[in-house]
């Protein structure tokens with residue numbers, strides 16, 4: 001049977017051309033790699049990148065204080081080579097917009113309701129599974145230093161603690177050997193490695209780590225790299241989004257390692273999504289349908305209107321992000337009536353398919369999204385890719401519409417407040433809804449800017465209130481909570497500018513609005 005190959009535009013380096021020629025030869029084909037005129041902006045970027053690559057030999061690794069090793073040099077060169085390809089993809093895509101008339105809701109066979117999945121046998125397919133957590137993010141938006149996964153989220157356990165507990169339980173319960181993989185960034189690598197020592201005595205989980213790529217930020221107007229050499233300032237570099245997981249995982253050698261061990265599937269999710277646990281029913285469904293890629297989606301609420309959604313675009317599944325939506329269609333994109341589901345970033349992918357698509361460079365054509373930043377007064381771009389955008393390149397790709405419980409992210413202190421409360425209970429590292437709560441939905445919590453940073457948030461609560469019967473909480477202004485407070489129904493607390501409200505120990509607030517100025521001082 002003939003094998004069909006889709007050739008994408010080659011990367012602007014000899015390595016890429018050599019690889020493409022080898023693939024053509026291996027498949028018995030003789031067609032040349034198509035060439036086209038290099039865009040002047042891309043050619044200029046390529047020259048600048050070559051200067052950065054040339055600086056590696058004369059530079060010292062700032063982490064070790066020694067010259068870069070051959071392996072480190074190779075990885076740095078790979079990163080910069082891939083970066084040049086991303087710039088070229090961005091230039092080729094720039095100016096092209098989604099044709100709104102070609103967007104259709106996904107057909108029924110593209111998304112399967114979770115309730116329709118066949119139940120899996122005990123421990124089915126676990127011997128074929130790898131679990132990967134995206135661990136490249138810092139907790140800076142919440143005022144924390146270091147990896148976000150090191151923040152305490154429940155019962156004094158961090159994200160990483162809970163993740164390790166989940167994998168430990170899985171392996172003990174089913175006598176399995178599911179490895180845990182962390183994709184770090186240059187921002188989180190050192191601190192994560194130091195933290196992982198606490199799990200060395202755990203014989204039930206094997207932890208592997210690798211670093212995602214490090215790309216230079218580019219000037220918005222010219223797209224030229226901000227750093228002039230490999231050891232440029234820290235703010236001149238960035239980790240290029242979770243779409244980098246596929247090339248970085250292959251480049252790390254772990255894909256080959258896991259395939260040699262008989263692994264077939266990898267479950268990828270954000271480290272801060274406490275609902276992203278291994279689900280045997282989804283794993284079985286993936287195996288039964290021979291799907292190469294399964295995306296978990298869940299129903300939108302008004303809090304999720306900006307989340308990426310799955311669409312049918314010219315007969316193929318495609319992730320549509322809000323950054324790709326024409327300005328006059330943004331309100332329509334946010335409509336819950338038309339776009340009813342969104343991507344949780346819980347992804348199940350075949351390892352051999354990842355290897356095939358990276359080696360054939362098929363993922364070079366993935367959508368590139370510019371993220372604008374400012375560095376020392378300069379307008380710069382981070383060129384990023386989303387892991388969900390790879391969906392359209394995999395065979396038999398499909399979505400599963402999962403319960404909301406599989407999407408429990410912590411993006412703010414309002415989210416942290418919820419997961420730390422008695423709304424949730426801890427079961428083998430997983431957060432589950434407290435059986436004492438009579439309503440299935442979580443309460444809506446909106447904490448004001450005074451609660452935005454973790455240190456200030458902690459200072460304002462002697463203890464987390466009882467929230468079992470809470471429906472809605474809004475807190476604005478200078479407000480503190482005593483110990484043993486209970487909140488129920490709808491509670492709104494507003495301290496106007498210059499006022500302060502101290503909620504006393506043991507207070508019960510049910511369907512109350514509290515405003516003005518309230519301070520109780522020791523006599």
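Yeah, the Cβs are placed from backbone N, Cα and C, and that goes for glycine too.
Unlike curated entries, TrEMBL annotations are predicted automatically.
Binding of UTP is attributed by TrEMBL to 148, 212, 272, 411, and within the candidate set 241, 377, 440 the record adds 241 to that site. Non-local contacts of residue 212 (UTP binding site) by the CB criterion (under 8 A, 6+ apart in sequence, same chain) comprise 136, 183, 184, 185, 239, 240, 244, 245, 248. Residue 272 (UTP binding site) and residue 242 (substrate binding site) have their C-alpha atoms 13 Å apart, to the nearest angstrom. Sorted by the number of other CB atoms within 10 A, the binding-site residues 148, 241, 242, 272, 411 start with 411, the lowest.
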